[in-house]
């Protein structure tokens, strides 16, 4: 059944609406009963909302909503929003990560106050991300990006009595504010050149020709900067190590998986729709070659992330850097787009999307494992992880799966998605990008395996005591691990969908 | 479907073993591991392939279904065996079972994890040797490393962490280089192939479909891909000077793991070299005959000389593995029936004999808790049966006729000597053959000092004969070595059948 | 003792050179740009009303503008959420006890407990 | 008629002054103010080119930017407040427990 | 046709069976498996005799019986049996000596209460089986394989007393030194396969025949490294010769043999008389048709032989231990055989191989008997006067000594004389190399006479010089029996080929051995070889005159040596005269420093090289590997320093990054136009 034949058009935004309503519902619950900390109810509501939104997205996706088969993308409210396969695909990523994070938070926040705020902030941020995926106007992009960002700042600084959390929040906020200013300035410059904020119209104006290549270039670069902040790419990545390290681990998971994916979602759409490469590389006697820009950023980002991660002593910070490295991989999706790429453009973009999906599972899982370790009060360094496997073999196995998958080792999802990504890059002629990625993957194996080594091979220096067996965290981690493993044999539908929906952008 | 069943049963056995209590894990793993043994023997009995699987031969137990459609090239689940892989499958199952038995004594903690990982590794190894789609093959290829990493890292010796991570990272980087090389070849083939099935790729390459890629002409691309793949596999084999992970890994690994490492894992490298470099790019291989032969000779002589300098019994056997695998390279580059066939035969023969040697060293270690030559002498006085088998195994390693090692080495020497890939092959062969003198040197010296002479042991342990279940695997391996040495045709006929098509390959582009 | 602001010139201003550099580059770009004549607004057009209409995706304005309906709703939520977050952060806690920091892997704690500085090295 | 380049130059100057402030000031509140300055640089452009293109898109968007600036300040103040409580000051360079 | 020759495989398999029985069930059997060995070798012996007579009757046997490796599109590697006069003669020798050694072992091992007897008898059985397999091998590969097994068995038996320090070391040395020779042999085997596509000794595709045809231009073969056929055949021949030099303990690979005396004495007898050491010479005889084609090889063989004969003999004169003297005499005697083969005296060398087998087995067993008597003291200076205490041993030993010294009419005289005679006439025919070799061989006769009788006199004559010598341990029938049999053989076997008598007195038809070796495959008989020999003969005063002169001179030298020994040592209280040799004594005691330089090569060259390589491997090769990872980690350590933790720095870097990107892309994209 194709859902929108029976539903009104606005219903296509249902995932975002469901999420927003869930957020409001959480506020309501918190308002009605502010003092009691009914963790189960809050976490359950948030999870249910996320799952419902995800379910709807999946249903739409299977039904072909906004895709070629049902008449193409659905454009709403004066082109401010567009619902197509890509937005639904990313919604699926956001909601699944959100669901895992909220389930895990049930245990993580058990001893905290203000849980209502926490869940509502998470759900609103997810709403913002979903909207980012749908945004079809720079105005909507900016506003929804802020909707995703502002709760994130608060979430990072959520542990008000933890200096790390505060410091992380501060740095995240400051760099974020700066980046959003840069982003806004970029938008203003693009507006100066084209007189429009709606993405297809920007493209249309540019196609008519303009002499203002310099202004446009500056604008595009600054917009790219805004996305680079969101995706934690060089040179806007500086917040990431501290924010991921200092934030409560579920928030780190949320930010490094969902928020990063949201940044990519909007970047993919803005650059492919508003600034088609064939147009902007030939404006006014100059060119704005953002593909080259992203290629450069991709190489620097993945190299910096991996090298810096290699010598970390703190597992969480190592994962933070690895997350930067993965941003570099995903950037290949934009970097490998060429003027005459044809189908290859869709392939590489789709591969990048598929990688982000797999990454959503394995990286969220990894951070949630850290959340579990924090819950156990074991510390954050590699040393502190020594011998965990002897006490918690199932969780350690899951973490092992995440680590090897992140490193791109078979037989896990990370391998096949990385393979698809590099393969598509080569197909587009960017074999050197793939080579860079591959070499970086090899290096990454070193530090990922250190975690594994610590858990399974090292002996704990002091007697290891694990207090509780947090059910929610376990559920989330196992869910992520199973997803990571199953995405190897089940990669076919994922990559097929991703590449189909990506091809629709061109 | 029997291959799928074989792999699945082994996986299942691994899972079952994981959840069993430690007390029963060893025995249960042994019992469970008999299933793949029987399965592989049944396969062997039903085996009806002919020719080379990659070159249009008739593949036994073939399955071929589409798994992933990704871009231009589909990924298939394609498995099957031919005369090259069949012996290696049998070797893998038998050696795993024996290694599991040999682990009963030395593995004293976390048994269920240990035995589970052994079976998991076996499953992946079976996948490596049966996969005929590059992607499937690569998945198994890499998946072998993970259990190995843990097996060395958790149950290894004092420097196990260093050894495990070195092994893991080194071989992974090598795999990556190989992967890049192969994929560039695939892209060079362009539209002439539709999937990553190895037979399809090999046949397209033979048909001269290789085009240019990344600014490289077909010839240059073939060279680059060949070098990349050779590097990748050479690390695994290992070929000097890429061997340094091996002694560390062996010394630190517990005995049963060393057995698997030397017995089967090293063969992955040579198997892949044969399947990829020497089958797919024969012209390039012939063009590189000189450097390859040089590397082979260097491995043989260098490895053997290094073994001579070692004081640790395991290190001796480890370096001698480098030496023995050098013969395989020499045989492969010969491009003669006896050369390539002998190289393949050596994979099996060395698998058995090196397994035997590592186990024998392990049995002595179980009792003495030392492997240093200088720490003991006259062990034969207290452990006559073990010492006897040790001596027999050592002579097998030296290439005693009527044991498998001699057959393999003789085939290789004969094949390499009469090779036509270059004028000077007889000289290289002669140089490599000097390895048989050095190998005798270090093994005889080691035996003289440890096993013979007046009994002396600088340790607190009571040196007595090993229990039956320690010695039994040794005896089985010795018996297999002799059977294979007396009647190499058991495998050699089917190997030749699969190898001969490779020799006929000529100028494809 | 005066408390009025003073102009402080010193080495702390050096990083500011980066901003100057950025400005120079931007100025070069902008000065190189040549704009055609502006279109401007029609004489007497009610700009404010037009902004209002545009905000709600209505087509009644004198001057055209794009639809900001979605942005409007979203920003409403955003302000709400910002308030939510700000209040959470600003609310004063009853107990002032600081928690230990986990961010340095417990090194700080270890140092205080063991009173040793050896952890401080090149990490 | 003021040429459009001058608006751009002005906005660039305001933008860079904002960055200058970020680079040279360590007080978190001054940090916030500098960011506001940068956002307003964008607003100058938007308003100027709204006129230039003859539509109200830019002007309308300016309102949103202002609103968002307010929201940002709200969250920012909240964070600065907890910073003050935890690090006994609003110097942004004090909070450096995490690095490398 | 199921003749007696179809049972030939049983000759090999019976001792192998005894090996399995002794290994598996020896400990449950009386005498530790000795009886199985005796039965098996007796059976083999009987079959060998039958075979011998069948061959004498003109039957031959050349069959492939097992395909070891079947080549698809390539040649097969097979096992087969070749029974011709040469091999049938050798079968008799080997089985007889093996049988006697087994019986003797009852006295030497069982009666002396040795432990590990099953291992001992298993080793003997395998040793015998391997040697028999080697003897009947119908191709070079099979010969090589059994050759190696012989080497293994020598290792196991020499190192039988593994709980002491000496035997394992000697065993190792024996295997290692012969392995060095076998290395060349193996290359030779491979080269023969590569050259001819076959390694058969006989039959239509026998490689000597193919080589002959190739040299005549009737057949083409592969040669390598750009060599001509003659040159390449020489190379191949020399490669195979490497194995011969190693196993037959020829200079310079003879060093293992004296050390091998660490093994039990019956084993020494077996090794020296019939199995291991004989294998080398037998191999040359077996493929003589190939060697005669290359004069260079023949000359080298003759030179090595002549030199070794003299060289070893000189070392034998100063030894104190009875078995050491015998060891050097073995080396020397095999030198004669090599000399004979190199000089074109195929029959002569084979003849000497046979006679030597008997008298050397006799001497070793006799020495064993003495050693039993002396409670395992081997030093001759502690003996003396045993003649009266053990007469059977004495007379048997004397018979062997006379044969060894080459005193007419004992076996050694006839065969050694024929070897020297062949060398002389072919040398006179225009080959100065052979004349030089002859001179060395002749000189060696003198030393042989001297050391042999020095040994006899010191051991059996004079006054007992120690307590044990005065009251020696008695020996039983199982020691005396073999000695008696061999004593008779040593005295008489020379009579089967009395060529000098034939030549001098014109009595036709008493060169039985010559006739016997002539009756065979056309490509393998002595007659055929004689035609191919690249030498011509020269005479001094006619054929008969030369025979007479040669025999007289060699007999004179032998008697001279014996006489000197008589003068010096056949006195009641003999003393060492070695000091008279001056500095030469030291050289001789140290065996011309042959061991020293070989040990130096092993420990002074190879081991340091391997240690340096180990350092290189650990330091450089592995260092590079670890270095790469260290550099990466170091780079990582630097890269992460960018993250200073201070937000202001982040802003600065961010701004700079943005500016740099702006500049770079702007310049590329022409934004500053």
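Using N, Cα and C of the backbone, Cβ positions are placed for all residues, glycine too.
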### Query
Do you know which of B:58-80, B:288-310 TrEMBL annotates as transmembrane segment?
B:288-310
### Message
Checking feature assignment: transmembrane segment per TrEMBL, candidates B:25-45, B:466-486. Which range matches?
### Response
B:466-486
### Summary
Residues outside the transmembrane segment (B:316-335) whose C-beta sits under 8 Å from one of its C-beta atoms, at least 6 past its ends, are 237-240, 243, 246-247, 249-251, 258, 262, 266, 269-270, 273-274, 278, 282, 285-286, 289, 292-293, 295-304, 306-307, 310, 341-343, 346-347, 350, 354, 357-358, 361, 397, 405, 408-409, 411-412, 415-416, 418-421, 425, 428-429, 432, 435, 438-439, 442-443, 446, 502-503
### Task
Quickly jot the same-chain residues contacting the transmembrane segment (B:167-189) by Cβ under 8 Å, restricted to those at least six beyond its ends, or write none.
73, 134, 138, 141-142, 145, 148-149, 152, 196, 201, 204-205, 209-214, 216, 218, 221-222, 224-229, 231-236, 242, 245, 248-249, 272, 276, 280-281
### Query
By Cβ distance under 8 Å, which residues at least 6 away from the ends of the transmembrane segment (B:84-104) in the same chain are close to it?
6, 26-27, 29-30, 33-34, 36-37, 39-41, 43-44, 47, 49, 52-53, 60, 114-115, 118-119, 121-122, 125-126, 129-130, 254-257, 259-260, 263-264, 267, 271, 274-275, 344-345, 347-348, 351-352, 355, 359, 362-363, 469-470, 472-473, 476-477, 480, 491, 494-495, 498-499
### Query
Which one of these stretches, B:210-235, B:288-310, B:385-412, B:424-446, B:466-486, has the most C-beta pairs shorter than 8 Å to the transmembrane segment (B:255-276)?
B:210-235
#### Entry: Contact check, the transmembrane segment (B:424-446) vs the transmembrane segment (B:288-310), 3+ Cβ pairs under 8 Å, seq sep 6+
yes
